[in-house]
Structures are given as C-alpha cells and as structure tokens.
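Heads up: the structure comes next, in structure tokens.
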C-alpha cells in the first residue's frame, strides 16, 4: 500500500529541520510561558517555540539533594522588586517560589548575566505585544514575539520566541543552567526505559489499538521500582520531580489518545482518501484558551495504520507525517480494510483510534495469462489456462478467441467457466493465434497477450545420405541438408570390424556431426533419417567413409656401408617400426654439406650411394619415409667425412700498391679447394730479367713484399699452396715493372722584369733519374719565407710570363720538376723588383648635394710605387685639378635640379692613372618660399588662418608659429600640408603675432614676415529657459538664473514676450535684475517668453543668445481659485496637464513665420502616425464585421 498526501502542506521552517544553525542549540523546555495568550499573538502556524505553557502559576525553582540528608536552602538571584519564598513539599523537595509584590506593568525579564536579552512590555500596562529585536539577528527576518496578557497576581518570565520563518536565536538569549539540563536529559532517559520495559511485556502487537496502554505505560501504574520515599533513586540520581513529570506525560498522552478515527472519502476500487482532525482535547484547549497544554498542532505527527481481512487484522503503518489527510493507493478491489490513527509528539505517542472499516468496490477481472499448449496433433490442439483474480466479483466465464489460422481478425472460439479446451478439425502444419479474456458482473477484462501455436505436420520423406566434409586419422566430419519439414535427425554408424551393426551416434536438430574416437585408416558405414511431429522418415541410403592413416614413425639412423672414398661412399638404414597403418611408398635421403639439406636419393630401397662429393668434407645425412598417412619425422643425422687430396691451383697474384723503384708488393687469395685438408703454407717464385728463378716467399700469409729490385725492370711472380698431402699446381704468372725515382732539383731560375706588371721567369731541365720529366711547378712569394710561396704555373714548358704584379714590388721565384716517380726538390730562390707605375683608378666615390653645389668624397687609390701629387676632376667638359692629394672636393656655382656626370683620376710622378667610373648625380631644387598669411575667421577665443587655395599636390609642409606674449618667442601652433588652421584658447581683444614657413624635400624655406591679428570681444554666455511663478489671470512673474561670465563688465537682461499664436516677440523688460513681473496679460491665453543677456562693454552693448522660450498659460477668467503652477522649463504639459498636446503644438507651428527642419520632420511624423491609427481602426472594424 502506498499513502500519499492529498493536500500540499506549506513548508515549515522549523528550527529542528536545519542541519546547521548559525545561532546554536535551542532548549525550549527550560523556559516558562504565559498562560492564555490570545490567538492573534500566537498564530496557529507557530511552532512549539511560541506555544503557551499553561501548567505553571508562580515560578518555582526545585532544589533536590543528591544524598539522604534533608534539603538545604541555597541563595537564588531574583529580579529587583521580587521576593523569594522557600517551601519543602511532601516529597522532601525544597522549592523556591519567586513572587512579584504587585501586578507587573509589562514583561519582567529574569535576572541573568545578559539582562538586555529580555524585553519589557508597554509602559501603560496594555496587553498589546511588544516587539523586541535581539542583537545579532540578520536583517530580513520577522521580529520575535512576546505574549504579555498576564493574569493579575502571576509573575511573568518571558523569553523571545522564534518565529515560524526566522532562524533560531543565539545561545545568549536563553539561560538554561546545568542542573536543569541534566534533569531534562535524565527525565527523557527514564521515560524511554519505562516505555521499553512496558513494550517488552505486552502481548499484542505495538500497532494494535489499545486504550489501556499509553506510550508503553500502564495507566495508573505505581512508582518505578528502585525509587524511595524521598524522591531519589537507588543509584543516588535526582528524581524528586519525576512524579510531576509523569503526571504531565499522562496528560499529554491522554490528549494524544483523544484523536477521532479518520474519515474515508473518494473511495474507488484501488484508492481511498483519508482525512482526520487534531485530537479533541487539543482543539478544546485551544478554543477554551486553556493553558493546561502548551502544544501546537504543528508539533504533532500522525501515523495511519492499515489492515485487511486477509492479514488477521494485523496493522501496518502506511503514512507518517504532519498532514491531516493522505491518499491510499494500490488497494485490492472488493476487499475489506480497517484503518486507525495514532498521534505522536516527539518520543510520546497516544493510543490508536477506534478502527474504521471500509470495503473497496469490485471491478473487472485482471488481465489473464496467455493459454498454454498441453498437447497437439495433426488436426487438434489442447489448451489450458490459469484462473485470474476476480477483483471482488465471481468469474462468469472465460472467452477464448483465435484467428482461424488465416491471420485475420480474432473470432470467439470457446466460452465457459472451465480452464481447458481442445480444438479439433484443424489443418495440419498450420499456425494459429490465440488470446483469452475473463468476464464478471462488472465487465470484461483486458485480453491476454497473443500466443501462437501450430498443428503437427506429416512425416518427412527419405533424406539424402550424409556427406563427408573432413576426415582425420580418428574423426569423420559429416554434414547433411535440412528440408522444410525436417525437425530432428538421427545418424547411425556401423563398424564392420566390431560386427555390432548400426548404432545411433547423433540425435538432434543440427545438420552436421563429428564422429570421434575412430580407428585410423578404417572404413565406416553411415545412414540418416529425419523426423518431425508427424513421425520419422525412412533411412537414407548407406554410405561408407574411411579415416585417414597416420604418418609412419621415423626410420633408423643411417650408417656407412663399406670404405669411404674421396668422392663417394654407401649408406644403409632400417625401415620404421610403425608404418601408421599404411605401406611405406618411398624413402628420401638428404645430405648437408654446410649450406642446408638437399635430397640425394628417393626410392623404395633402404640403401643408397652418395657420389660426386668433395674430398676432405664433412657431410650430415638423414632419412625420412612416406606413406598414405604422410611423411615421417627425420631420422637422427649421420656424420661422414671424405678423404683429402692436394690443394687446388691458386689464383693469379695481383699487385698491391704502386711498384716502387726497389720493391714490389703482391697479394693472392686462397685456392678454391684446399683438397680436404687445411693449407699449411704458400710458396712464391720470382723470375728475374735474366731468366733466373728464385723462391722469394714461403709462409702461411697471402701477401709478400720483394725487395732489392732494380728500378724500371720487369719481373714475373707465381704462387702455389701446400697441405699435408703435398703442394698444389703453380698459379698463372704476374708480370710487374719496378718504378722510377723523382728527378733532381733544377738550377735557380732567371727572372727578368718586362713591365711594372710583368716578369719573365726561365729555368733549365734537371736530371730525370730514369723517368722523363712530365711537369714543372713554378712558385712565387712576396718574401723569401717558405710559408708564403704560392704556385703560379704547372706545365711542361721551361719558362713562364708572370702578369698582374704590383709595380715597384720585390718578388721571389722557385721551380720544381716532376716525373712518374713524383716531385723532386725545389730549385734555389731567384729575386727581382718590378718598376714603378701610374696610380690606380679612384674608387668608392660618393657625394653630398645642395641646390648649387656638389661635394665629392673618394678613397685614395694605390700609388704603384710613386706618391700621388694631385687629382683631376672632370665634370662635363671641364677638368678641375685639386691642390695636393686630398680625398674630397666641393664644386660650387651649379644650377639647381641639374644632372652632372663626374670622373676622377690620380696623378703621380710616373703619370696620370685611369679615370674612375662615371658618377651621375643631380643637384637639389631650391626650398619653397613662405606664402602670404591671411585671417579668415575672428572670434573672442580663436583665430582662423589661411595661406593658400585648392589642393596641395606637392605635399608641401607648412609650419605656422605664434609669438608667446610672455617669453616673446615663437612657438609652433600648426604643422601639416593643409592651407588653413584654427588657433584656439585665445583671449578676447588680444593681438597675436604669427609667421609661416614652407618646406619640402629640398629643405626648409625662410620664414615670412610677421602678421598681427586681434581677437574680438566675447558675448555673454547663454541662459537657461526662465521659470514662470505666481501665474494669475493678467500677471505673472518670470525668474531666471544669472549669466556667469569671466569678465568684469556688468550684465543686463532683455526679456521678450509674445502670444503663442502670433510669434511676434516684444520687449517687456530690460535691466540687471534676474526676475520681472508681466502685467496686462489676457486671461486663459498662451504666452511664450525668452531672455537675452547683454554685456555692457566699453565699446557699447554686446547682446548674447536668447534662451529657450518658456510657454505658459494664464488662468482662465471663470476659474475662482487659481492654483500655483510648478515651474516648467521645457514643455507646456508641465503647466497645464489637461490641455491636449496637439492643441498646443498646432497653433505654434501654424502661426510661426518659419519652421525649422526638425519641426517639419516632427509634424510629418505626427501626421503619418495619425493616418496609420485611422487605417488600423478601419481595418479592425471591417474584420469584426466579417
């Protein structure tokens, strides 16, 4: 059962619902409350914090002794004006009663360490609640409450209480001493222990309603065991006030037990709405303003207990909460239920109310389960179904429907109260759909899910025999085809060797099967049959398949039969012990000489001859065999080594390196075949030019150097290898000629100068030492140091012309000869000096240009052995000679913007050098002249200057300077390419001096003559719109703010007024005052007024701009009382709000002599909007009529 609230309750901001309180823990049980508070002071939605306590009159402070001695009075601090009386009650408890000597005028706070936390009532003694705001409470929360309706003669101890929507107060607001806190905790523990003891002894369930049990405590029970007469327990704990607390608990329990049974409404087959009210005694106490109970309805929690007849009236909690209603869901139709209500207050609970019974109405049956198939045949189906829940009304019959096997609509097939039915006269192998429904007095249930069943088919025909997919040595993989009527298959196998006949090896729906654990290379017979619901088919034709044979075992290790020769030997082996079930078809013998196994024999014999072998070589041989089962593994290898012979012929020796004049080095490689035995040494034989033979080398090395040879002679060399059998044949001979020696050093060369830049060097051929000279190398150096010689010639000639030399410079020469043997030694050094020459050509010429001159700069060239005396500068047809060997020169008196070609040459004692490259340059243009400066705009604070017309196509820069009146220096006020500029921030009536200059790429031009311009006098500043006050029928007063000016000249004001419809302003006032009175006005007329300031300068009156016009309307004649109008500065609607804006603006626009563009746009916009509104109204009317 699921219970849900039917009414959404407002969320309660209870102090115990907050997981973290910023104000600390709150202890409401340690405070005293006022009796009989009026409802308006303590609303019903307040929590227990505002509950009025009605159990206390005078405030008592119990003093309990912790031992058996009589109680001793203790000092108690009381508020000023109160008295304390000590009383010992019948239980031996010492009580201090705090009394007030007179009726309190308001709320009297308890004396504490924080007396400011309590608030007093009103001074006049009224019963209105006094609002108090404790310090530290955040803004936005409602104020706390005080109840101040106190009966006469009773003291009042009130603390601020927490509103239902505000956070709990701070610890500092409540004074709960340690003794009261311990008593409160012990009381709760004792009550809990009593309830647990009572609950453990009761025989009925906890949720069963019983009137004699309240919170697990027997009504009228005696004292708890272990309490003595003085009110203390056996363990010494305080218990003098436990009896009073138990009485109070009994009162609360009786109140909680006064709850009435809930009422059932909105009852349906599967749900019901339960509603209830608060306990009667709590409602009576609230209505009678009784202070016996200080409990709020919001503190109660209601628990709904439900039971049905099938559970033997055992109740189950289905709802627990503060709501006064809940809705029960998921009830069973036609079922009798009992429901009762129990009220809880924190740990306390009352007795359950009297149970109330109700019966849910019946409804249609539940949806049945689909029918199940019991049996079937070719023409019948037997179905069965289970009973369904009737939901309070007996089942009349079940309705079975099917689709007649055609897939169409469902038709009724069977109707009865039975739960089984057999369908007959059906078609074989036909699919039928079924569904089921139940019917009672209320109605028909929903149909069950649709199920599908089919009738049986005829037995299948004889199938085809199975086929072999794969065969192994011990398995046969068989497959067959499935036909539409085949459901299951039966496969049988016959082993002729066992003579057991056919045995079933497979029975199932698969179309393949692997027969395992068979014998290798054996024939087996198979047959197959198919079956379905109609029965089995005939057996297929027999088919025979054979397993594969296994591969044979490996043969034995081959052995040598007979003698081993250098090129052949014979091997034999034994057949394998296991042939794998099949005969051996052939043997394969493989031989390995180091490069891998190769087949040397294939046949049926167990012997073979291996020939064409290499002498002295070790061979490995192995054998394998073949049968129908495959190839066997290889046998263990056999190792055989053939006999050795003499080594083979070595290759022809080859020359290693270049032949030397006195020695030759040759190398050779090992023979292709060593004869089967390692080579021990090599022998080298040399044939001299005189045909003599000599053994020049005998070693294991394959390299030999023959010394003491004659240069340029031819020698023959041969080599052979030797092993333990003997030497091999000689190799082919190698013919080598010995090398020649380098030539001797030539004699010192002869150097003859031919010009300052040319020297002829000659030398003689040296002795060539057996080889002709093939090349000479000539080297030159500016000194006789070995490190500075550089090659200048290589060739076969014995002379060379050295060119490109420096005049008047010393040069050193040496020569070297070379032949096939290499270079000989250098000759002795020969020296010579070249004569002097004219200077070299001038280079690196650059210049500086002006409009009338060109300054040339160049680097001094080489003087070639003679100092430079001067330079010749050629410009056009003119040649200019410099004074001395300077490297710069200025050419004057040139024309501006003219191109010149310039060349320079140096001159020394030998002669003039070559001209430099031509320098082509152009003189600069002259800078522009200063233009004439004009003043085209004068005002009191600026001057606008002009110095040209049109556009500045040449982008000439202009600089305008103004003289500083203090320093008398000119300062730039504009620089750019424009022809005008505006100089701002000037003083009125002040002369200023200006000058201008122009500049371009040619440079800056001269400044113009100085021009002097003077600013004009400044008019007064404008005013804001005036204000109209004291408007009457024929008069009013205008006021305005005075004009603010920086000058000392006096200011007067001119006031003009006109009728709004005429727009003809007339002067009505002129003076220095800032207000004036307008007389003789027409009643109810519209006027416009404006003010103009006038400066009284030495040159005369200087008027300023008029202010914005003020529009006002005089009072009408029929109006008896004319109210004062608020001043307006912008719009007439602020003066007369009832007048239409259009009535104001239209005469103003129509009677104005000229309309501005802004006014024309405003009038056009207004007319356009008016036409649009009219069109919209007409369209809306037409649509409404349609």
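Going from the start of the chain as shown, residues are counted 1 onward.
Backbone N, Cα and C atoms are what each Cβ position is placed from, and that goes for glycine too.
A TrEMBL annotation is a machine prediction, not a hand-curated record.
TrEMBL lists 114-175, 189-244 with the feature region 'Disordered'. What TrEMBL lists as compositional bias 'Pro residues' is 135-145. As annotated by TrEMBL, domain 'Fibronectin type-III' applies to 258-363, 367-458, 462-550, 554-645, 649-744, 745-839, 841-926, 927-1018, 1019-1117. Per TrEMBL, the feature transmembrane segment maps to 1160-1183.
When the domain 'Fibronectin type-III' (554-645) is classified with DSSP, helix, strand and coil residues number 0 helix, 43 strand, 49 coil.
Mapped onto DSSP helix, strand and coil, the domain 'Fibronectin type-III' (841-926) counts 0 helix, 44 strand, 42 coil. Look at the domain 'Fibronectin type-III' (927-1018): DSSP puts its residues at 0 helix, 43 strand, 49 coil. Under DSSP, the residues of the domain 'Fibronectin type-III' (649-744) split into helix, strand and coil as follows: 0 helix, 38 strand, 58 coil. As a summary of secondary structure, the domain 'Fibronectin type-III' (1019-1117) carries 0 helix, 46 strand, 53 coil according to DSSP. Sorting each residue of the domain 'Fibronectin type-III' (258-363) by its DSSP state yields 14 helix, 42 strand, 50 coil.
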